[in-house]
Every structure is written in structure tokens, then in C-alpha cells.
Amino acid sequence: MKDINLIEVEKLIGIEFENKGVLITALTHSSYANQFKDVKYNERLEFLGDSVLQLCVTKYLFNNYKDKSEGELTKIRALVVCENSLHKVSKNLSLGKYIRMSKGEELTGGRERTSIQADALEAVIAAVYLDKGIEVANDFILRNFKDVIDKAINEEIILDFKTRLQEVLQKNGEVNIVYNLVKHEGPPHRRKFFTDLLINNEIMGQGVGFSKKESEQNAAKAALQRLGEIKWEKDTI
């Protein structure tokens, strides 16, 4: 892949970086780093960005929705920061176009993959925080997540299928929900996870994803579809 056009990326996210290297790292997938020695990739930045995102969203919700209980705020935050929401924001910013990855990863659809785009966005958030500080990072997050926050507040989106399934089942009494990782296959940078969801020892949903979290969400989604709680779709989370 060609070098990242940093000028384009900075225009898209609305921030000019002092340290260009941290932005490049944020947009580098592990599969790319596996091909070249001494190339940093975005996994550690993703870890930091997740915490920065959680903090900024939590502070915003706490300050602006004083009528909401702790439980309600927790549920709203979960919707805002979940992988699917991150993917939507990442797509809006066209980050997928600029992620450095191996040719093999790209040929298997990596550029459009939910987990890769979501991870890259978290890494970019960390890069903004490290380069510009918490205030600029907070502004960046609120500017790009405002629509997601509004939809979560208005209950227009259900993104956390595991939580939704638990709520549906608890209405009918106590149930035993188990997510069983059946297998995983593929190389480390392109590994697929397969999960069975058991409700009272009966398989009610099966999910596949490029992370354990994604496969569990897809299994929960399949169970909700089977129970008639959401419509059947071809696309997974």
C-alpha cells in the first residue's frame, strides 16, 4: 500500500498533528506491521483510545442528562461506544481508505471490516489525545459522536445485542445464558471466532466474527432474530 496521505486525513478529522508519526501508527493495522520490521501498529493506541472515549462520553452524559439514572446512563454509553457505533463513525470519516494493512488483509475485505475500522478510530482518538490533549480529543469525540449519542438517547438504535437479549429473556424469568467459543481459525491477524449461544442448555444462536466480542454479538443477534425481537437481515453486526 502507498504511504498515507496525511494532509487528506488531517482535513477529514479536522486536526493538524505536530507528531505525524502517532497518526501514522494509529492507521497501521497489525497485518501491515507483520510484513515490515520495526513498524509500529495501532493496538496499544486502541487500548488508550478506548479509555479516552469512555471518559469523554461519560462526562458528556453526566453533565447533560441529569434526569437519567446511573443504569440509564450506563446503557446509553454502551450503545455509543460499542464496536458498531465506532464503525459507523469511522465510515463517516472515511478512515478505512487510509488504514495501512497487508495485501492479503485487504483482499479479504479488511478495509471494510467492522473491527478494523472501529479499532482504527479508537487509535486515532488516542493519537489526538497524545498530540493535542484531552480538550481537543473531547471536542473531536463530541463532534463526531453527537449523532450517535442523540440516537442512543432517543432509543433509536439497539447496538448491544447481548444486553438486549438479556433484557428480553429476563422478562420471562430467570434464564441461563452461556456464550461458548466453539473454535477459531486463520492466522493471528485475520482470525475468525465461532460462538454458540446457549439458553437453558439449548443452542439459540450462532455467530462468527473477527473478535470474540463480535462473534458473541452476532450470536446474540441471531438469537434475537429467532425469538422475533428483530428482523432477519443478511448483514451481521
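Using the three backbone atoms N, Cα and C, a Cβ is placed for every residue, glycine included.
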Asp119, Glu122 bind Mg(2+) per Swiss-Prot; candidate in Glu46, Glu70, Glu72, Glu185 listed for that same site: Glu46
Residue pair Glu122 (active site), Glu46 (Mg(2+) binding site) - Cα distance, angstrom, rounded: 5
Arithmetic mean of per-residue pLDDT over the domain 'RNase III' (6-133): 93
Densest Cβ neighbourhood among Asp119, Glu122 (recorded positions), 10 Å radius: Asp119
Residue pair Asp50 (active site), Asp119 (Mg(2+) binding site) - Cα distance, angstrom, rounded: 9
